[in-house]
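Novice: As listed in Swiss-Prot for this protein:
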| type | residues | note |
| --- | --- | --- |
| COMPBIAS | 26-37 | compositional bias 'Low complexity' |
| COMPBIAS | 51-62 | compositional bias 'Low complexity' |
| COMPBIAS | 69-80 | compositional bias 'Basic and acidic residues' |
| COMPBIAS | 94-107 | compositional bias 'Basic residues' |
| COMPBIAS | 111-123 | compositional bias 'Pro residues' |
| DOMAIN | 199-354 | domain 'C1q' |
| CARBOHYD | N243 | N-linked glycosylation site |
| CARBOHYD | N295 | N-linked glycosylation site |
| CARBOHYD | N333 | N-linked glycosylation site |
| MOD_RES | P111 | hydroxyproline |
| MOD_RES | P113 | hydroxyproline |
| MOD_RES | P114 | hydroxyproline |
| MOD_RES | P116 | hydroxyproline |
| MOD_RES | P117 | hydroxyproline |
| MOD_RES | P119 | hydroxyproline |
| REGION | 26-123 | region 'Disordered' |
| SIGNAL | 1-28 | signal peptide |
| SITE | N333 | site 'Required for correct protein folding in the endoplasmic reticulum' |
Amino acid sequence: MAPARRPAGARLLLVYAGLLAAAAAGLGSPEPGAPSRSRARREPPPGNELPRGPGESRAGPAARPPEPTAERAHSVDPRDAWMLFVRQSDKGVNGKKRSRGKAKKLKFGLPGPPGPPGPQGPPGPIIPPEALLKEFQLLLKGAVRQRERAEPEPCTCGPAGPVAASLAPVSATAGEDDDDVVGDVLALLAAPLAPGPRAPRVEAAFLCRLRRDALVERRALHELGVYYLPDAEGAFRRGPGLNLTSGQYRAPVAGFYALAATLHVALGEPPRRGPPRPRDHLRLLICIQSRCQRNASLEAIMGLESSSELFTISVNGVLYLQMGQWTSVFLDNASGCSLTVRSGSHFSAVLLGV
């Protein structure tokens with residue numbers, strides 16, 4: 001019996017079904033040498049293996065449910081990400097070989113333009129002119145005190161000096177009128193507060209006078225003493241070393257000293273042999289250590305043959321004194337009559353330099 005002939009549509013369906021089966025077989029069976037992508041994705045690398053439990057073998061767990069291919073392709077394994085972070089944590093900034101002393105320099109860009117100015121603050125308080133004048137007076141008083149400290153110390157005796165006289169009106173400006181205050185201020189500003197180079201400061205000086213009359217016998221060498229410091233304008237004393245009782249001045253420092261002595265001498269009773277002879281004379285000396293013959297001394301000689309009953313004899317000069325050496329005034333009466341040195345005769349010294 002002849003087979004029944006199938007229609008053409010059925011034959012086309014069979015051909016299509018065979019092609020689909022062949023294509024499915026080719027895609028599902030990979031090549032023998034090629035590794036499976038799903039297996040490579042499923043198995044972690046050797047270094048990242050987790051410890052296996054007692055129920056797992058070396059080949060893997062006994063049964064693992066299959067995961068969808070599309071979900072596996074788009075997911076990230078947290079364990080793999082953590083292991084990658086651990087391996088990369090000792091590189092870059094956290095590297096062990098990086099020097100701790102060298103800090104990473106931050107690179108900034110170019111500075112931008114300045115911003116707009118801020119708002120203006122509130123106006124300050126209104127200060128009256130009287131307050132400004134009072135504050136200015138306080139500033140001037142401070143400048144005056146600073147100038148007084150810069151000035152040399154005043155002498156023990158004598159006036160306060162021209163500087164103190166010029167500054168005295170300024171200290172009394174509190175009770176004066178405004179016109180007087182302005183005048184004093186202008187006078188103070190006219191005098192420079194910081195003058196130029198000054199003369200060197202005198203560290204040692206004195207001027208003393210004989211307190212009472214001193215009798216000098218004939219043919220005698222007498223050392224004068226018992227002085228006092230005059231309380232008069234122009235008198236001075238600076239530094240230690242003067243013994244008013246003994247009349248000796250001890251040098252406080254070694255240096256060159258300008259010494260001077262002026263004596264007012266009165267003749268006593270006339271000599272028994274008649275008027276003074278030409279060889280009768282007086283010697284006024286300023287000696288070191290009371291050794292007029294051995295040490296250097298200042299000397300003045302005066303004859304008595306033509307002198308009056310009251311006369312003056314002076315001596316001055318410069319001597320170099322070591323520290324601690326003293327000087328004093330001597331009168332050598334080389335005449336046949338006694339003499340009287342009147343009170344008020346003076347002795348002075350000034351340290352010139354070292």
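Please read every residue number as a count from 1 along the shown chain.
Backbone N, Cα and C define each Cβ position, glycine as well.
Help me picture where these features are in the structure shown.
Specialist: Just so you know, the Cβ of N243 (N-linked glycosylation site) picks up 14 other Cβ atoms within 10 Å once every protein chain is counted.
Under DSSP, N295 (N-linked glycosylation site) is assigned to coil, being neither helix nor strand in the three-state scheme. Cβ neighbours of N295 (N-linked glycosylation site) (same chain, under 8 Å, six or more residues apart in sequence): C287, I288, Q289.
In this view, N333 (N-linked glycosylation site) is surrounded by 23 other Cβ atoms within 10 Å of its Cβ, with every protein chain counted.
Spatially close to P111 (hydroxyproline) yet at least six residues away along the chain is no residue at all, judged by Cβ distances under 8 angstroms.
P113 (hydroxyproline): 5 other CB atoms within 10 A of its CB, across all protein chains. In the three-state DSSP scheme, P113 (hydroxyproline) is classed as coil.
The Cβ neighbour count for P116 (hydroxyproline), using a 10 Å radius over every protein chain in view, is 6.
Proximity of P117 (hydroxyproline) to non-local residues of its own chain (separation of 6 or more, Cβ distance below 8 Å) is seen for none.
P119 (hydroxyproline) is surrounded by 6 other CB atoms, counting those within 10 A of its CB over all protein chains shown.
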Novice: When you measure from the Cβ of P114 (hydroxyproline), how many other Cβ atoms are you left with inside 10 Å?
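Specialist: For P114 (hydroxyproline), the count of other Cβ atoms within 10 Å is 6.
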Novice: Could you check which of the recorded positions (P113, P114, P116, P119, N333) sits closest to N243 (N-linked glycosylation site), going Cα to Cα?
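Specialist: Nearest by Cα distance to N243 (N-linked glycosylation site): N333.
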